[in-house]
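Taken from TrEMBL, the feature region 'Disordered' covers 1-35, 574-618. Sequence annotations record features per position, and here TrEMBL assigns transmembrane segment to 56-79, 233-253. According to TrEMBL, the domain 'SMP-LTD' annotation covers 123-301. What TrEMBL lists as domain 'C2' is 300-420, 426-547, 605-725, 753-869, 945-1067. The compositional bias 'Polar residues' annotation in TrEMBL covers 597-615.
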Amino acid sequence: MEKDLPMPSGDGGSAGTDSEAADSAPPEEMQPSRPGEHAVSVLWSFGKCLGALLPVYLAGYFGFSISIVLFGLVIYMGWKHGRDGKHSRLQSAMYLLENEQDFTTTRVFRSKRDLPSWVNFPDVEKVEWVNKIIQQAWPFIGQYLEKLLVETIAPSIRASSACLQTLSFTKIDFGDKAMKVVGVKAHTEHDKRQVMLDLYISFAGDVEINVEVKKYFCKAGVKGIQLHGKLRVILEPLIGDVPLVGAITMFFIRRPKLDINWTGLTNLLDIPGLNAMSDTMIMDAIASFLVLPNRLTVPLVADLHVAQLRSPLPRGIVRIHLLEAENLAAKDNYIKGVLAGKSDPYAVLRVGTQTFTSHYVDNNLNPQWREMYEVIVHEVPGQELEVEVFDKDPDQDDFLGRVKLDLDIVRKARLLDEWFTLKDAPSGQVHLRLEWLSLLPSAERLSEVLRRNQNLTISSKTAEPPSAAILVVYLDRAQDLPTVYGTTSPVWEEAFTLFIQDPLKQDMDIQVKDDDRSVSLGSVTIPLARLLVTPELTMDQWFQLENSGQASRLYLKAVLRLLWLDEDAIPSPVSPCPMSPGSGQGEGGVTSEGAPGSSSLSPNPCVTRPQNTSPDAGFATEGVLRIRLVEAESLVAKDSFMGRKGKSDPYVKVRVGGVTYKSHVIKENLSPTWNEMYEVILTQLPGQEVQFELFDKDFDQDDFLGRFKINLRDLINSQYTDQWYTLNDVKTGRVHLVMEWLPRVTDPTRLDQILQLQSQQVYQNKTIPSAALLFVYVERAHGLPLKKSGNEPKVGAEISLEGVSNRTKICDRSTSPQWDEAFHFLVHDPRKDILTVKLSHSWGQALGPCCCPEREVLAEPTWCWTSWLPLDGALPESEILLRAEVKLLDSKLVECLKSNGDEVTDCDEAVEDHLIPSRDSDMAANLRHRAVPSNEEDSVGGAGGQGQVKLSIVYSSEESRLAITVHACRNLPASAKDGSDPYVSLILLPDKSRNTKRKTSVKKKELNPEFKERFDFDLSLEEATQRRLDLSVKHSVSFMSREKELIGKLQLDLDQVDLNSGVTQWYDLTEEAT
């Protein structure tokens, strides 16, 4: 069967081409428009023309002046111009972000070639992988933000005003353009306890959000947003547990750039005059949350002081002396410029959100202001001082120039007195004197600070007098306020920073008021002189409110810091001036070049260097935790042989502060005795824990025997603890530990006692207890020799003490490197140990060592030593600047130690049990164990025959709380045939509420139970002395049992106890309270 196939022809080919063209044509061209659509288009064009002519007709009809029509036309043209400008800027930014690589290569480098492999940007790193993640997750981020707007923000707006009760979001679309992180800069050299990141954020998004208020037929919205800025993210504190970071803090160091395209009724905000006002209001709202000094803090772990993270202590204070200016541009002209005038200059100074304006000097191109300002510096590097000079005019002030200066330069120089050339101006210079004021946690130099401030003359009558200190107040919460409005126990968690002129004469007055601030709910007045006598000028406690309820109180933390200009650290000329290449251009040196244009105003000094170190406030704040692993008992048997149950070969792993210790293995023992000691240097950060895990050593895989954790904060609060800890996740087993957070002292008389105690202690792991803690601060070096090739070296410093070494970072090529790094070492004998510092080029070519015997540090009155040390085998001018500080580790065992040759006598029972026999004795035979007390018939039976209870009662002034520790009971009478199941219940009379009622755990079938449980009561010292302790030792019985419940009672008036010093003793139990 055949079919004829049509042959292609010329006409057919053209027809095919026409058909393809028709298929590829848009639908509008394929189908003719319908008559109805054409009519609507004509009517719409006619309506627009009528709308344009209607204002002119109405103006003539009502007799209005033509100027009104012209004014409206000008407003419309200004709005249209601003609107088109915003739209074009948004489109350009979106195009740039989408075609960044093409734009960079074609427009900037004028070439399509890739950049050479050797080109890199080490300061700021690109993170394209982050942008890919954000782009992938952007739709889901938009869903979350949409849910947030609809379910959270919209109801809160409707509840805020009756006029907005019908508000609703009609459209929410965050578009397809995700936010981009253009670059990231990491700062890890400033503080080892945090990670600081600078994120350069760029967002040009096609966001569309429409809002409608149906009651007033109002529609408004946003269509397109631009946001560009540098967001600083701080991850602190770093902790040794998941999630490794305690909190995330975010803020903009400077105001970001913001551009918004409005729609609907908010189109009016694009009218000239209103657009600048609206953008300023929006930026002010953003700045109130995310621009320094405001921070957004997101805690990731519990028990964090959020207020202190949100408002940490400032890095320092900069005192700005605005002295004078010269050669300013003349902006005032007369007769249309025929006669040249002068200017009426004034200055505006900005640091973050802090703004100051000087007075203006009339008709002067060389004005003298002589004004002084003090600004708080929160972040260096990062924050800048910006000085702008203007000419005062009746209409709009003329710009005369600006100066920008990174305040980190002021921090390093301490004192900067220079002329700065004005930028963006044809001429002009401004003279500034900038002083970096450090924050001192001691009142020793208060009189000198006040004397300096009296000698400081200020000509301007409007200037504030110089401050002697700053006061940072962390307002936490209040309790039991006498109000019926809202809560009676509000929580604020806010911080305030105040300048103090004279802390000897000024008081801090705090008033608590209700919402409308018309009724006072209480007040407290604290003389600042009280802070001057507290440790580190800090008070952290409850304060009783005056003119309030009897139980009304306020919890706050007040920190006072003196403002000190360290003149010894001000760079001074070095004589003779080193002439080696690069000696004045090192990272750690201060160059002699002034501001541009200042060479004719002041001579160039020699290369300068500081004479003292300048560590940050966190230097020498670490402490030492001493852990003694004594023994364990009742461990689970994991080894079996031919079906018969055996024992275990236990060992312990201790993890704390990122360090792991492992005990030795004890063969075939379910009640092993280790007697090992570990010491670890820790920073007091919240959320840290000490973790213990027990394992059974096997040939293949070790078996798990249990674990437990101890909060480091509890150990620091208790200082010393001797306790049995029950193992978790196993059936049986417990571990005996002695742990001590060692106090740090600088008392020379304690050194011999500490060393004597050290000689009497011996441990299985052959660890020698440390006698002191050495802190070393390596700041900078000067005048180092060049490499053999003639280039400047890349210098690193290695610090060693008794076999333990630490290394600094390697600085960029310089003969005067600066590290600013701190280290710490455990010291066994500070009278003999020697600190060694070795400098080298990239840990290769040696540049010279130096030594510092610790006895030189002990020779200083405060055991703090700072000096330039010469380097052996280097140039004559080669030196390194170090700071060394020694703190003795004062154990509680030293307090009970009375030296009588080698004899130790009269020790408290709780401490005496931890004195280890001398090395000459048989350790295994003489080692004392803290086993459960035996039931012996002796004088410890109690006067009433009901047994005794051992209590520790102490009041902590720092925490404003009463602590009662129930240690143990002994010689309790049996309440049943097989003994008793005792527990302790206590209450503070006359209050019988649950607030003061506590009870211990139940100990099964035990007549000599050990509890080791502590109970805290939030009371003032005055309240505590008015309470009576009502304690009962009871036998845990069932509801239907006929067994006697009460074993013994104790009632103790706390005013008969020395609560400040604390007391630990056995108390007799009686059948009835006495």
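From the backbone N, Cα and C atoms, a Cβ is placed for every residue, glycine too.
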Proximity of the domain 'C2' (300-420) to the domain 'C2' (945-1067), 3+ C-beta pairs under 8 angstroms: no
DSSP-assigned states of the domain 'C2' (945-1067) in counts, ordered helix, strand, coil: 11 helix, 60 strand, 52 coil
Three-state composition of the domain 'C2' (753-869), taking helix and strand from DSSP: 12 helix, 55 strand, 50 coil
PLDDT averaged over the residues of the domain 'C2' (300-420): 86
Secondary structure content, the domain 'C2' (426-547) (per DSSP, counts of residues): 19 helix, 56 strand, 47 coil
For the domain 'C2' (300-420), residues assigned helix / strand / coil by DSSP: 12 helix, 59 strand, 50 coil
Residue distribution over DSSP helix, strand and coil in the domain 'C2' (605-725): 7 helix, 61 strand, 53 coil
